[in-house]
Amino acid sequence: MTQGPTSLLPVWARTTARRPSSRRQSLHATTAEAMDGEEAHHRPSSSSSSGRPFLSGLCAAALRRKPISARASAAASGEGLVRQLGVLELVLLGIGASIGAGIFVITGTVARDAGPGVTISFALAGAACVLNALCYAELASRFPAVVGGAYLYTYAAFNELTAFLVFTQLMLDYHIGAASIARSLASYFIQFLELIPSVKGNVPSWIGHGEEFFGGVVSVNILAPILLLILTVILCRGVKESSAVNTFMTTLKIIIVIVVVFAGVFEVDVSNWSPFMPNGFKAVVTGSTVVFFAYVGFDAVANSAEEAKNPQRDLPIGILGSLLACVILYVAVCLVITGMLPYTLLGEDAPLAEAFSAKGLKFVTVLISIGAVAGLTTTLLVGLYVQSRLYLGLGRDGLLPSIFSKVHPTLHTPLHSQIWVGCVAAVLAGLFNVHALSHILSVGTLTGYSVVSACVITLRWSDKATNSRSLGKISIWQEGVFCLVIVALCGFIAGISYRFSYSIAFIIIAFLIATVGSFSLLYRQVYVPVDPPRFSCPGVPMVPIVSVFFNMFLFAQLHEEAWYRFVILSLIAVGVYAGYGQYNAVPSTSDHSSVAYHGVPSEAP
């Protein structure tokens, strides 16, 4: 008999789980087991649930894992989205999500501290994202093509509560990011209109730039929510329509960025690159954490799995292709802009436009304004798209109200989820200066990427090996998870030591401990090879280990308020899960296959 993830539960949970119950009584459902070719559902009866201590029930629910094939069958039964995205659309989707604020806004902000070294900041963040993208590409090619991305992978590899925490951290990033980008788009749109002499100076600040009231507590911006609602309507119409808009505008901004780079090359003064890192390498590393969020496009590609025509083949191409294109464009723009003007003269709101205006290239400034509008529009469009698909996944699994799981029968879009994320972003963008919250972004992104990298390792472990060996009172699987946690903590400690200039000995010790944990992961675990033609992340487990370590190193460079946000939001998420999620989640369905992936690990009792 092959044992499934229910073996994680205590003995009493596994005993009572075999009693049949109604749908309402399946509140603490465990994952399905494959037994001699027949399906077996594990759901506790109401009597066992009512007599169970709250903390014990919470722990039992939190440790559940998702049988991925169940979500696949739900999507295939007619409740899913329509597959209309080819490989080109996926690549442009990733570029559309990334190339926007990163080029037209963030470059100037980071350059004020990092100087021309902002180029290295983008390169470092890009290198970290390449490692993450390799992990994403493997999981996207191996999992059934349904929505969920990092949340879905975590649900299969670790447990329900960890998946919900990943979702909440990512979602706050997306909500704040969407509102912030909407306000930047409104500001750029007004600047573009003000190129018309009769309009310049006649637009009230409360329309597009934002006007503060009540001592800055409220910052009214009328245009930002209007733009958000327009994009929400486009997304509600269908993925074909929204993909067409994204393809056109992304192609336009890529052409404009290339033109801007070639025009700026002839205005570069290499003396502006000296000193290249005026505030030292530490400022460059800190800058890399700020620009990290500019590379989130490949996460959007992973979340489009249910709408990709050939997901197992096209998703890895879309993920890696879009990321590499973004790295090249970011680095090229940074070199040009810091070579055209001294970094101290670069503006923080529209650095590209100001650099070319200073050189008297007015026609390029017009192109930049058009490119900025197009770039921010696609970034916002894809961001709203990803949010709705994540809410759709949580709604299907019962961790959020079922209204989020509805797909419109004719439009084939998650209408309620899409309207919800559009309204949330519209309220934030219309009433608050969310730019002030930019320093707490990237928390969810770095957290999600770290967990995804760990998922590649855990999902490659052999079930047979994890069941047959143990170390003392813990199994080999538990030992491996412990080592992953140690690697992550060592990365964070090394980052803290570097940031606050502690003794180099702390960094060395943290690195050595992480190395010991890595060797344990390398030699005590048995890894199942991934067969072609599906994509296989190279160098498993070392590449994902380095990814986890580096992500947590960058996490340590974030502003202290970002750490507070991580802790507070995690506590809130645990409370929401304890009060709602654990009782309504349905991790198993009538699907009789257990897990459509190599070795979602199970343990012997």
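Glycine is no exception: its Cβ is also placed from the backbone N, Cα and C atoms.
All annotation found in TrEMBL is predicted automatically rather than curated by experts.
Under the heading region 'Disordered', TrEMBL lists 1-52.
If you look up TrEMBL, you'll see 16-26 marked as compositional bias 'Basic residues'.
If you look at the transmembrane segment (90-111), the same-chain residues 6 or more away from its ends with a CB under 8 A from one of its CBs are 118, 121-122, 180-181, 184, 188, 243, 246-247, 249-251, 253-254, 257, 287, 290-291, 294-301, 304, 308, 314-315, 317-319, 321-323, 325-326, 329-330, 333-334, 337-338, 343, 346-352, 354, 368, 371-372, 375-383, 386. Feature annotation from TrEMBL assigns transmembrane segment to 90-111 (among others).
The feature transmembrane segment is assigned by TrEMBL to 118-139 (among others).
Sequence-remote contacts of a segment are chain residues at least 6 beyond its ends whose Cβ falls under 8 Å from one of its Cβ atoms, and for the transmembrane segment (145-167) they are 8, 61-66, 68, 71-72, 74-75, 80-81, 83, 139, 299, 302-303, 305-306, 308, 311-312, 315, 386, 389-390, 392-394, 397, 399, 444, 447-449, 451-452, 454-455, 458-459, 481, 570, 573-574, 576-577, 581-582, 585, 587, 595, 597, 600. Feature annotation from TrEMBL assigns transmembrane segment to 145-167 (among others).
Per TrEMBL, transmembrane segment is recorded for 213-236 (among others).
Remote same-chain residues near the transmembrane segment (248-268) are listed as 92, 95-96, 99-100, 103, 325, 329, 332-333, 335-337, 339-340, 352, 355-356, 359, 361, 364, 367-368, 370-371, 374-375, 377-378, 381 (criterion: CB distance under 8 Å, separation of at least six residues from the stretch ends). TrEMBL lists 248-268 (among others) with the feature transmembrane segment.
Per TrEMBL, the feature transmembrane segment maps to 280-298 (among others).
Marked as transmembrane segment by TrEMBL: 363-386 (among others).
With a threshold of 8 Å between CB atoms, the same-chain residues lying at least 6 positions outside the transmembrane segment (415-434) that come near it are 174-176, 178-180, 182-183, 186, 210, 212, 216, 218-222, 224-225, 228-229, 231-232, 235-236, 384, 387-389, 391-392, 395, 403-404, 406-408. According to TrEMBL, the feature transmembrane segment maps to 415-434 (among others).
According to TrEMBL, the feature transmembrane segment maps to 440-459 (among others). Same-chain neighbours of the transmembrane segment (440-459): 128-129, 131-132, 135-136, 138-139, 142, 150, 153-154, 156-158, 162, 166, 168-174, 176-177, 180, 289-290, 292-293, 296, 299, 477, 480-481, 484, 488, 521, 525, 537, 540-541, 544-545, 547-548, 551-552, 554-555, 558-559, 561-563, 565-566, 597-601, counting only residues six or more beyond its ends whose CB sits under 8 Å from a CB of the stretch.
Away from its own ends, the transmembrane segment (480-498) comes close to residues 158, 282, 285, 450, 454, 457-458, 461, 466, 474, 504, 506-507, 510-511, 513-514, 517-518, 520-521, 524-525, 545, 548-557 of its chain (Cβ-Cβ under 8 Å, at least six residues beyond either end). Residues annotated as transmembrane segment in TrEMBL: 480-498 (among others).
Look at TrEMBL and you will find 535-556 (among others) tagged as transmembrane segment.
Residues or ranges marked as domain 'Cationic amino acid transporter C-terminal' in TrEMBL: 535-584.
What TrEMBL lists as transmembrane segment is 562-580 (among others).
Tertiary neighbourhood of the transmembrane segment (280-298): same-chain residues 93-102, 106, 109-110, 113-115, 117-118, 120-122, 124-126, 128-129, 132-133, 136, 173, 177, 318-320, 322-323, 326-327, 330, 382, 441-442, 445-446, 498-499, 554-555, 557-558, selected by CB-CB distance under 8 Å and a gap of 6+ residues from either end. Tertiary neighbourhood of the transmembrane segment (562-580): same-chain residues 58, 62, 160-161, 164-165, 168-169, 172, 399, 439-443, 447, selected by CB-CB distance under 8 Å and a gap of 6+ residues from either end. For the transmembrane segment (118-139), the neighbouring stretch richest in Cβ pairs under 8 Å, chosen from 213-236, 363-386, 535-556, is 535-556.
Same-chain residues lying 6+ beyond the ends of the transmembrane segment (363-386) with a Cβ under 8 Å from its Cβ atoms: 93, 96-101, 103-104, 149, 174, 177-178, 181-182, 184-185, 188-189, 191-192, 195, 227-228, 231-232, 234-235, 239, 242, 245-246, 249-250, 252-253, 256-257, 259-260, 263-264, 297, 299-300, 303-304, 350, 352-353, 356-357, 418, 421-422, 425.
Under DSSP, the residues of the domain 'Cationic amino acid transporter C-terminal' (535-584) split into helix, strand and coil as follows: 39 helix, 0 strand, 11 coil.
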